[in-house]
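Q: So Swiss-Prot lists these for the protein:
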- 90, 100, 128, 222: substrate binding site (BINDING)
- 135: site 'Important for catalysis' (SITE)
- 190: site 'Important for catalysis' (SITE)
- 222, 246, 250: Mg(2+) binding site (BINDING)
- 280, 281, 282, 283, 284, 285, 286, 287, 288, 289, 290, 291, 292: NAD(+) binding site (BINDING)
C-alpha cells in the first residue's frame, strides 16, 4: 500500500507529521514517500506541483495532503500560486467526489456556537461534486459587454454547466454512501432559477429510482443553508454541486465548533483518493506548535477506509481520537475551562498511545 505524503505549507508539515506517526503505529505494511507541494515546491522548483510530485501522486494508492498557501504568494501569477497544486491534483487524478463529514463529538458540544440540543449527536456527510460546475465551466473571462444592462461596459463572466455522466456518477456515490448510513439523501440545488440545476434535479431523481431503499429529497440551496443552522440533525447525506458544496461544507464544519476537527476525502472512480484536513495552511500559527492535528489524523483514517480497505485500522484511529477527547486533552482551538491544553506534538503522541 503506497501513500504519497504531501505536507505542503504552513501548519501542513506539523499536522501531517503527527498523522504519519499514527499510521506508523498501526503496524501495517505502508510505503510512505514524501514530496514537496504548494509554496514549498514553488520555492524549490518554481512550480507548486512539480512533475515529480504529480508522478508520485499518480503512482500511489492514496495521497495524504496537509495544506497549501501563504499570503506572500498572493501576487504571483495564478498558475504559480500554491493553491493551484490542489486543483492540479484533483484534475490529474480525476478526483470527482469530495466527502466532508461534519461530526460533533460529545465532548465538544459546548464548542459549537449553536445550542447543545441542536448539535449533540450531529453526523452529516456532505458529498460535493469536484470537477464540474461554474469553477471549471468554459467559456469564462472578461470582455466588453454587447448586451445586458450596460452595453459597452467591461464585464466578467463564468459558465455553470454539468453533463449527465458527471451528475450520474456523483449521484451513485451519494446513494451508495447513504446505504451504509441511515439511507437518506438530500440533494441541494437551485432548480427554481438555474437550468443547470433543474437538470441536476432531474438526473438525481432518475438515479434515485435505482435505489428504492434510499429516501431522496430535494432542497433549494438557500433553504439548505438556513436549515443547517436551524435543524442540522435533519440531514444525513447531502449531495450537491461544486459551488454550493464548497459553501455548505464550510458552514457545516463550523457547526461542530472547530474546523480543526474535520477531515475530508476526494476520490476518483477507482477509489484512489486524496485525504486532507478541511482547514487551510494557517501561516499565522505555523511553527508555534499549537495547530490541531486531529483533522489530519482523521483524514488518515478515511484514507485507510476508502482507498486502502483497512476498516479495522480506520476504526482504531477514530476510537483513539475519541479517547483523547474523553481524557480532556485539547489543542488551542478547542480548549475550554476544565480541559488540558496540549501542543500539536503532544496531541499526536496521545493518539498514538490511545490506539487499541
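Every residue, even glycine, has its Cβ placed from backbone N, Cα and C.
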Q: How big is the gap, in Å, between the Cα of residue 292 (NAD(+) binding site) and that of residue 246 (Mg(2+) binding site), rounded to a whole number?
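A: Residue 292 (NAD(+) binding site) to residue 246 (Mg(2+) binding site), Cα-Cα distance: 22 Å.
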Q: Cβ within 8 angstroms of the Cβ centroid of 222, 246, 250: which residues besides those meet this for the Mg(2+) site?
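A: Here the non-site neighbours turn out to be 221, 225, 243, 244, 245, 247, 248, 249, 251.
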Q: Could you give the Cα-Cα distance between residue 190 (site 'Important for catalysis') and residue 246 (Mg(2+) binding site), in whole Å?
A: 15
Q: Return the residue, from the listed binding-site residues 250, 284, with the maximum count of other C-beta atoms within 10 angstroms of its C-beta.
A: 250
Q: Going by C-alpha positions, which of the recorded positions (135, 246, 250) is nearest residue 286 (NAD(+) binding site)?
A: 250
Q: Relative to the Cβ position of residue 282 (NAD(+) binding site), how many further Cβ atoms are located within 10 Å?
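A: Excluding its own Cβ, the number within 10 Å is 22.
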Q: Give me the non-local Cβ neighbours of residue 246 (Mg(2+) binding site): same chain, 6+ apart in sequence, Cβ-Cβ under 8 Å, ordered along the sequence.
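A: Looking at Cβ-Cβ distances below 8 Å from residue 246 (Mg(2+) binding site), excluding near sequence neighbours, one finds 128.
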Q: Neighbour count first, Cβ atoms within 10 Å, every protein chain included; then name which of 100, 190, 280 tops the list of recorded positions.
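A: By the 10 Å Cβ neighbour count, 100 comes out on top.
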Q: Taking Cα atoms as reference points, which of the binding-site residues 100, 280, 282 is nearest to residue 250 (Mg(2+) binding site)?
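A: Out of the listed candidates, the nearest Cα belongs to 100.
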Q: Of 128, 288, the binding-site residues given in the record, which has the fewest other CB atoms within 10 A of its CB?
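A: It is 288 that, of the binding-site residues 128, 288, has the fewest other Cβ atoms within 10 Å.
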Q: What number of additional C-beta atoms lies within 10 angstroms of the C-beta atom of residue 286 (NAD(+) binding site)?
A: 18
Q: Could you state the whole-number distance in Å separating the C-alpha atoms of residue 280 (NAD(+) binding site) and residue 100 (substrate binding site)?
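A: Their Cα atoms are separated by 14 Å.
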Q: When a 10 Å sphere is centred on the Cβ of residue 222 (substrate binding site), how many other Cβ atoms does it contain?
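A: Its Cβ shell of radius 10 Å holds 13 other Cβ atoms.
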Q: Which value in Å gives the longest Cα to Cα span across the substrate site residues 90, 100, 128, 222 as recorded?
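A: If we measure all Cα pairs in 90, 100, 128, 222, the largest is 27 Å.
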Q: Spatially, and counting Cα to Cα, which of the binding-site residues is closest to residue 282 (NAD(+) binding site)? Options: 90, 100, 222.
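A: Spatially nearest to residue 282 (NAD(+) binding site) by Cα position is 100.
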